[in-house]
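Q: Here's the feature list from TrEMBL:
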type	residues	note
TRANSMEM	A:66-83	transmembrane segment
TRANSMEM	A:95-113	transmembrane segment
TRANSMEM	A:119-139	transmembrane segment
TRANSMEM	A:151-170	transmembrane segment
TRANSMEM	A:182-200	transmembrane segment
TRANSMEM	A:207-229	transmembrane segment
TRANSMEM	A:241-268	transmembrane segment
TRANSMEM	A:280-298	transmembrane segment
TRANSMEM	A:310-329	transmembrane segment
Amino acid sequence: MTGAKAALPVAGAALLLSVCVSVTIGVADLGAADVLRTFAAHAGLPVRGLPPLEDSIVWDLRTPRVLLAGIVGAGLAVCGAVLQALTRNPLADPYLLGISAGASTGAVAVLVLGLGAGAVALSAGAFAGGVAAFAAAVLLAGRRWTEPSRILLAGVATAQLFSALTSLVIVGQASPDTTRSVMFWLLGSLTAASWPAVALAASAGGVAVLACWAAAPALDAFAFGSDVAQTLGFSPARVRALLFAVTALLAAVLVAASGAIGFVGLIVPHAVRRLTGSRHRLLLPACALAGAVLLIWADTAARTVFAPQELPVGVVTALLGVPAFAMLLHRSGRAS
Amino acid sequence: MRVRAQDVDRRIGATTLLASVTLDAPPGSTVGLLGPNGSGKSTLLRVLAGLDRPDGGRVLLDETDRTALPRRAVARRVAVVTQHEPTEADMTVADVLLLGRIPHRPLLAPVGADDVHRVSAALDGAGLAGWERRRWASLSGGERQRVAIARALLQEPDVLLLDEPTNHLDIRHRFALLADLARAPVTVVAALHDLDLAGQYCDRIVLLAAGRVVAAGTPARVLTEESIAEVFGVGADVMPGPGGRVRILLRSLAV
């Protein structure tokens, strides 16, 4: 019990350290002292900041990017944990309900058809696409859509439909250049990070994560079984409808910020559950912290390993995620 | 708390699972539901538990229709153990038992020392002292059954609805469980297969066949050699015991 309770402070400290160290890493050679000076100057403390170019690298490029990575990682991990409990399916991830496919379609439509301009239009398109996909999955699943088996199947079908639409738009309209940026989007990337993006993701993500955390006892009960949850006083239809909607909106916000970054939402909950146990009151915040740390370092690797060339961060999370998954499977195989 | 079913119908498509079933469990009584496979015992329990809606009739808790009561308020007074508790949940025994405290805790409140204390007391009571950290999925069927009943009791219910609670239990624990239930000041409605146990421990028996009540009353009234032969198709010797109870020795297939 004490080991599990120590998990949160330890992970919190790791997150703080990760943010600070990660901001110092990059092509431009800036040390911890430079970073701290920049933070202090922007906080209004009476210190002399860095020259404008360096200041901008730390404050406008790296800091929002590291923070966005943390927020997206946290959100994805919480989404995954909630959906795994709700559907009692260990393979559930944040994109279960067709969100990522829908978001890609939305983003690609904006890119290729030239609707609006810039990162804002792209994010808006992705969000709209994600929400449209969720709505389509709910419609497809019909009146009893909150039953896990129905929404799972509908989600798979919807994802296929929207992937097909994305391909159709790309093949029909795109130039090689836009195809490349579309691919980057599909694999996930935090290059579009900015302070407004951080603020938006943090506020929307914060509300959604708090809502899930408040529902922790319901998640405990549903992870055990829906009949038992019902006899403990929860309405399966209402609880599931609410939490499916919250996680779908959260996933749409995250995909709009960073594209579809795979594996974080699938693996982090499994790994964290081994450390904290399966009670969601502790599991969810631990997942948020672990997901944040993981994605911060995955993105740091993505932007530095082949610098100045950048890797899509989804490639890094997959390269890290598959061996981690294999290890978890192997371990759980031995345990039983 | 008194539990009643009034003229309950339950159908799936064209199949009738329950037809106009009526049941009355007075406060503190132990009522056994008996009947062959497919007679509607589990369906009736699910309707009583609010897991399935009746297509006709209603379920009353004391004098109130259960659908008119808030779910959480019901969960504080009625606990249920179904026949198919999940087996694969990745949880410890303590996590499973703590579920039973959910109805008594404000939704945002953390698990308190009192909850943890009650869980270990419940494990002691179930003869599973110190099993908090065992994995639920690693337990045997009988152990799981005992934990599930302990979880139901942690709800501090006035009513316990149990679907074949003695299933998987060894002989000693069958007797212990039914003796405990009969003694407890809780209204118990349990689907049972063991006629002899039911005859010894239940205050009332409801005998079901093909979704209908064939007979209801004290064990001595309901469990006769004729009714057993007719409903179950086996021959039996029924020996009267004290207070309307009976002992039953099954002999052979009825001819």
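Including glycine, each Cβ sits where the backbone N, Cα and C put it.
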Q: Counting only residues 6 or more past its boundaries, what in the same chain has a CB within less than 8 Å of a CB in the transmembrane segment (A:182-200)?
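A: Distal contacts: 60-61, 64-65, 67-69, 71-72, 104, 107-108, 111-112, 119, 122-123, 126, 166, 170, 174, 253, 257-262, 299, 302, 310, 312-315, 317.
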Q: Can you say which of A:95-113, A:151-170, A:280-298 has the most Cβ pairs under 8 Å with the transmembrane segment (A:310-329)?
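A: It is A:280-298 that shares the most Cβ pairs under 8 Å with the transmembrane segment (A:310-329).
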Q: Ranking A:119-139, A:151-170, A:241-268, A:280-298 by Cβ pairs under 8 Å to the transmembrane segment (A:207-229), which is first?
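A: Selected stretch: A:280-298, with the most Cβ pairs under 8 Å.
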Q: If we skip the immediate neighbours and take only residues 6+ beyond the ends of the transmembrane segment (A:241-268), which ones have a Cβ under 8 Å from one of its Cβ atoms?
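A: Residues packing against the transmembrane segment (A:241-268) from afar: 68-69, 71-73, 75-83, 86, 91-95, 97, 99-100, 102-104, 107, 122-124, 126-127, 130-131, 134, 145-146, 151, 184-190, 192-193, 197, 200-201, 204-205, 208-209, 211-212, 215, 218-219, 287, 290-291, 294-295, 298, 312-314, 317-318, 320-322, 324-325, 328.
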Q: Short question: which residues 6 or more past the ends of the transmembrane segment (A:151-170) have a Cβ under 8 Å from it?
A: 87, 89, 92, 95-98, 100-102, 104-105, 108-109, 112-113, 129, 133, 136-138, 140-141, 145, 179, 182, 186, 244
Q: Taking residues 6+ outside the transmembrane segment (A:119-139), which of them lie with a CB under 8 Å of any CB in it?
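A: Answer is 97-107, 109-111, 145, 151, 154-155, 157-159, 161-162, 185, 192, 194, 197, 245, 248-249, 251-253, 255-257, 259.
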